[in-house]
Amino acid sequence: MNALQWSFRAQCLTGFLFCTGLLAYAIFLQLHQGLEPCPLCIFQRIAFAVLGILFLIAGLYNSSNVYTRKAYGLLIFLTAAIGTGIAGRHVWVQLMPHNTISSCGSPLSFLSETMGPFEVFRTVLTGTSDCGNIDWRFLGLSMPMWSMFWFVALALLGLLVGFKAERRKPLFS
């Protein structure tokens, strides 16, 4: 069965299931494998959660209005683009030599208690050497590289579900 021909609802719920699976695997690695997430990892998880919620709402609402579907597709694409940017920054921090990145910063909980939300976001995006550690690889790619791959794939899925031309029923059948 061709997934490109699935209904709007099926494609959105598939996107939701992918986001849920990615988050579940990240939590599994944290709780059972002992991989503690850095602040950039947490922001990527938040982006996957928001993506999953958008896919779920779009799939459950299942609007037949073309403009509503385009709005969902655009929101999903923009959220995935933000996630891609965060993951890209994380990959860049990992690929930089460790002595060029500032020393380990404070934990995210401490930052959120002492700073405003925008300052926390700016501080986290500067990256710490903690974010530069590569603790996990699969097929030669680190976790942020895989996150970036999935953000791009989900962005393309968002564009597909939002801007896919609907088949018109024949006038005479």
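Indices start at 1 and increase along the chain as displayed.
Just so you know, glycine gets a Cβ as well, placed from its N, Cα and C.
Straight from Swiss-Prot, the features:
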type	residues	note
TOPO_DOM	1-11	topological domain 'Cytoplasmic'
TRANSMEM	12-28	transmembrane segment
TOPO_DOM	29-46	topological domain 'Periplasmic'
DISULFID	Cys38-Cys41	disulfide bond
TRANSMEM	47-63	transmembrane segment
TOPO_DOM	64-70	topological domain 'Cytoplasmic'
TRANSMEM	71-88	transmembrane segment
TOPO_DOM	89-145	topological domain 'Periplasmic'
DISULFID	Cys104-Cys131	disulfide bond
TRANSMEM	146-164	transmembrane segment
TOPO_DOM	165-173	topological domain 'Cytoplasmic'
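The most densely surrounded of the disulfide-bonded residues Cys38, Cys41, judged by C-beta neighbours within 10 angstroms, is Cys38.
Secondary structure of the topological domain 'Cytoplasmic' (64-70) per DSSP (helix as H, G, I; strand as E, B; remaining residues coil): 5 helix, 0 strand, 2 coil. Averaged across the topological domain 'Cytoplasmic' (165-173), pLDDT in this predicted model comes to 55. Here the topological domain 'Cytoplasmic' (64-70) has Cβ contacts under 8 Å with residues 8, 58, 161-163, 166 of the same chain, all six or more residues outside its ends.
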